[in-house]
Ligand SMILES: Nc1ncnc2c1ncn2[C@@H]1O[C@H](COP(=O)(O)OP(=O)(O)OP(=O)(O)O)[C@@H](O)[C@H]1O
């Protein structure tokens, strides 16, 4: 067993954050704060600055499983490129060897079959350490082969395990394969956005992509109960709680859209129905954004040939928005969107077969090249302000969090 002077930590690598000039310190502080929040359910720990890296130090003695849980949680924080459980050792080659042995023994315990292909990869930034990186590679590699050689095999090209040794000024770190993080920017550095989330595949992915670029994202969902079911509403709450797992928490404004839809259906041309609904959604979302200080709206729109997703249709909808409308998926292929949905955990819920309010009254030939004057003429038959106010009065706020799932109540008010 390794001696008591070896400590267990998690090393966290970040990418772009390090490149942002004068904003760098602020980005790093935000990332450290987000990391602390993400780890608070896993175990008490400190986050330290390791000059270009962050180091997570558990407050209590952590088991391998505990450290792996910490590194998995860190690998879900935006801005993190990779995370890995590591041994922190004094600046002494025997301590480094000992940590490498412990690392390899743990890898052998969980690997089956033939010999484990490995290599040692050392980096030395501390010039006072008496061995250079090539010498460390040779020394640690030879030590491992001497002790555990029957189950090991050196493979410098395609190792199953790379034993990393990093010799820094204050300590050395020994660790294995890193877990990839999502990359991007720390949530919060780009501002706040309100995402229009349906129960489909696209809008949860669009929300996630917005988070990935540093936006703090909350959601608004429009339902048309009793035409849409309680199941459809619960499905959206489940999607939001999956997204909350990436952000820590997420609020969803659940807005009753039934009266809006009835009014459009009764008074307006069928071929403009979906566009008029979208314009009303965007008006309501804009009012929520003004009241709750969101800088932008986010949608899952994607340039295509369906009614509301052509350039002319988007222009007609965007015209009523008081906020910039971000469309992270605009140019993506469906297969690319599905890949991300699978990776972030929303896909299986998104494909559950519940109806969205917009699909209820879809015309057979919806307009793909709408004219502004026709749209405005159609809307003159509606009490637009009254309908927006009514929907806002019938908006419920539900909070989702990574810790407690979804809980709700309360009205958004005006
Ligand atoms: N009921 C709803 N509540 C909130 N936003 C909605 C709703 N329906 C549609 N939207 C917004 O409008 C966008 C376009 O919707 P549409 O149904 O045309 O496209 P989609 O490609 O099926 O999107 P999704 O997969 O997100 O449903 C959605 O991505 C979402 O941002």
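Heads up, the Cβ atoms here are built off N, Cα and C, so glycines get one too.
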ATP binding, same site as 196, 197, 221, 222, 278, 300 - TrEMBL member from 179, 309: 309
Among 196, 197 [binding-site residues], residue with fewest other Cβ within 10 Å: 196
For the domain 'THUMP' (68-178), the mean pLDDT of the predicted model: 95
Those binding-site residues listed as 221, 278, and which of them has the most Cβ atoms within 10 Å of its own Cβ: 221
Pairwise Cα distance maximum in Å, ATP-binding residues per record: 196, 197, 221, 222, 278, 300, 309: 19
